[in-house]
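Quick look at what Swiss-Prot annotates:
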- Asp25, Leu26, Asn27, Arg41, His64, Leu65, Gly66, Arg67, Arg118, Arg151: substrate binding site (BINDING)
- Lys202, Glu324, Gly350, Gly351, Asp352, Thr353: ATP binding site (BINDING)
Amino acid sequence: MQFKRLSDLIARNELKGKRVFIRADLNVPQDGKGNITEDTRIRASVPAIRQALQAGAAVMVTSHLGRPVEGEFKPADTLAPIAQRLSELLGQPVALKQDWVDGVDVAPGQVVLLENCRVNKGEKKNDDVLAKKIAALCDVYVNDAFGTAHRAEATTHGIAKYATVACAGPLLAAELDALGKALHQPASPLVAIVAGSKVSTKLTILKTLADKVDNLIVGGGIANTFMLAAGLKIGKSLAEADLVGDARAIMDMMAKRGASVPIPVDVVCAKEFSPTAIATVKDVADVTDDDMILDIGPKTADILAKQISQAGTIVWNGPVGVFEFDQFANGTKTLAHAIAESSGFSVAGGGDTLAAIAKYDIADKIGYISTGGGAFLEFLEGKTLPAVEILEQRATS
């Protein structure tokens, strides 16, 4: 992928005295009183802001927060708590500016936070008139919000069409570099772990990866559907019988080119889905009609861990069992530690995956952890991300 980078502009001393507009992803969780409960995204946005300030730029930053109604600003929509947290992290004042579309006063070395961009009429529809107005505020546009890269909106796409210079910030660039390395130039063997409750929500990803990977490890309800496709009984486990044909087609397609979808040889079952359910390990042939499969078994986990240990590249999206309940967590824990200990390059993403990484304290052992939920999945699906595509177009025009 070819796109301009903020770091390149800084290296060429092209930001001094310039007005820089940064689209960040500051959409953080808050409690009922508006207090920020988790600030990872704010901390992740700091390098781009700090780099632009140190390069002598006048910096404007904006983000969406929640789902405001366009044209109707409410107190719950405000970025005020984020301005305060940014100020603490940067060690300098961060003023919050409302009604900013028609003009912003900011001097070199200063940073202002522009109020929730999704309150502006036309933001979500990528309105051209709005995009041109916002582009006129700056000399350089920086997209540093991978989490919204799959959306074509005025501050993610439209502005990039019209700004004098449009580039990727360090967070977006690192994300694209890592995902490109994993999917476009992977060291082999390439192993993907795709897990979740439904095949239907990840069918496109499964089909796309089936063309590329050497081993496609499936988990959760997705694995149950593949077990049905392999002719195994799954009791009363969550599965999608109408997608058994698709699962079988994916298995056949991969087998033809010498790749595989490893089907579990043993599973962890229970009679009910609850935190206190009694877990029983069974060979797959012994699953009964009243069993619910809630994790892969230890033999399966060891087989898969060995495949992961030999991988050159690993893409991880989803825990393979109900890891929130400890008695059904061994599969996810075993694979998580195998990924952490592998010498291969690993990329992980998706909310449940991030929770598993946190639970097993392996964040520093994953090659790259993706910050974008929907954008990460669409990248895995092979879809074009509008906010990235426009940066590529601008780089070549």
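Keep in mind that glycine also has a Cβ here, set from the backbone N, Cα and C atoms.
Locations of recorded Swiss-Prot features on the structure.
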| residue | record | Cβ contacts under 8 Å, 6 or more apart |
| --- | --- | --- |
| Asp25 | substrate binding site | Arg41, Ala44, Ser45, Ser63, Asp144, Ala145, Phe146, Gly147, Thr148, Thr371, Gly372 |
| Asn27 | substrate binding site | Arg41, Ser63, His64, Leu65, Gly66, Gly147 |
| Arg118 | substrate binding site | His64, Leu65, Arg67, Pro68, Glu70, Asp77, Lys124, Glu153 |
| Lys202 | ATP binding site | Val194, Gly196, Ile222, Asn317, Gly318, Leu377 |
| Glu324 | ATP binding site | Pro275 |
| Gly351 | ATP binding site | Gly373 |
| Asp352 | ATP binding site | Gly196, Gly318, Pro319 |
| Thr353 | ATP binding site | Trp316, Asn317, Gly318, Pro319 |
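In the three-state DSSP scheme, Gly351 (ATP binding site) falls into the helix class.
All chains included, 14 other C-beta atoms sit within 10 angstroms of the C-beta of Gly66 (substrate binding site).
Looking at the residues that bind ATP per the record, Lys202, Glu324, Gly350, Gly351, Asp352, Thr353, the two CA atoms farthest apart are separated by 21 Å.
In this entry, Asp25, Leu26, Asn27, Arg41, His64, Leu65, Gly66, Arg67, Arg118, Arg151 make up the residues listed for substrate, with the farthest two CA atoms of the set 18 Å from each other. Note: Gly350 (ATP binding site) has non-local neighbours Asn317, Gly318, Ser370, Gly373, Phe376, Leu377, i.e. same-chain residues 6+ apart with C-beta under 8 A of its own C-beta. Neighbour density for His64 (substrate binding site): within 10 A of its CB lie 27 other CB atoms from the protein chains shown. Look at Arg118 (substrate binding site): DSSP puts it in a helix.
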